[in-house]
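Features as listed in TrEMBL:
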type: BINDING; residues: 7-20, 101, 160, 185-186; note: ATP binding site
């Protein structure tokens, strides 16, 4: 069977995601759609609005055949690392094409961009861009992009287009690159905070509507099968984890904070200095913000602190990759059976003691995510992959 891969977070799953899955399947002519999805914590450094098992069920009921988890050490990363790890997992799963949503309305040459990018980063002529410590990494990348494609208006580039570039770069590095299938987003942009389209709204606007308890404003933009469950909440956000984050910072020494992944350039002192006076998570981020670091960079760092993810833990997880199956349809199960000998990584369905060691970071992330919702159960140990029958 021919398969097409998608990288997503489904936070929450909405009509735009349903449209993308349908279009991707048609354009790729795939028999099976495989989604690699962030788990408890997301790329921008925030908790998912509902847990990964519910989100996996939503997507399986609306177009995907297999959902696998992108580990937290890969999901809470800048776009390039996020895209690289996700595309590598889809490569292991045997996809022949890779689809992604984009805000770009023209036929952007993603493959040619990736080729020029890798030629540039190994060229000393461009070294000064990345040596400029006055700029954040996104600013450095924007400068390089403007040089590589000077006729393109990068000032209008949206977050989904930047992620698409990351997928293209990751795809270019594969031994056998996949066919790229970009799907143009309809309606609102990724971070639009208000609903402004008849059928499609951004995840940002929908999360805002859900948290403000405005169901009638949200319901038309979410598939009915999803809404029947999603409407009941509870909805997660950083404010529910602020006390735990504050405790971690207050009770850690500067030396302990320094071991946290991406805690660099004395940020541990800034964290300790500002945490006591901060009135909440948003206020804390405002207090530690500087021109050098973006909000999302600092939010990701807060996730690493909350979960006590060290540099060594990242290296250990990178050295032992795996496939974590969250759910499948009957067609997806047939695909896995067909591809079993070709998939080179262990596929984890039930968490045994041995697999629990491999999944230690993920289990920790899920448990702390649950604490924010005042729940103590460890879903990773008793949840089996969802099987959607009849599909």
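Cβ from N, Cα, C; glycine included.
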For the binding-site residues listed here, 10, 13, 19, which shows the highest count of neighbouring CB atoms within 10 A?
13
With H, G and I counted as helix, E and B as strand and the rest as coil, say where DSSP puts residue 13 (ATP binding site).
coil
Local Cβ density at residue 16 (ATP binding site) - other Cβ atoms counted within 10 Å:
23
Per DSSP (helix/strand/coil reduction), residue 160 (ATP binding site) sits in helix
Note: in the chain of residue 7 (ATP binding site), residues six or more apart in sequence with C-beta under 8 angstroms of its C-beta are 35, 36, 70, 82, 83, 86, 87, 90, 100, 163, 167
For residue 160 (ATP binding site), what is the tally of other C-beta atoms lying within 10 angstroms of its C-beta?
21
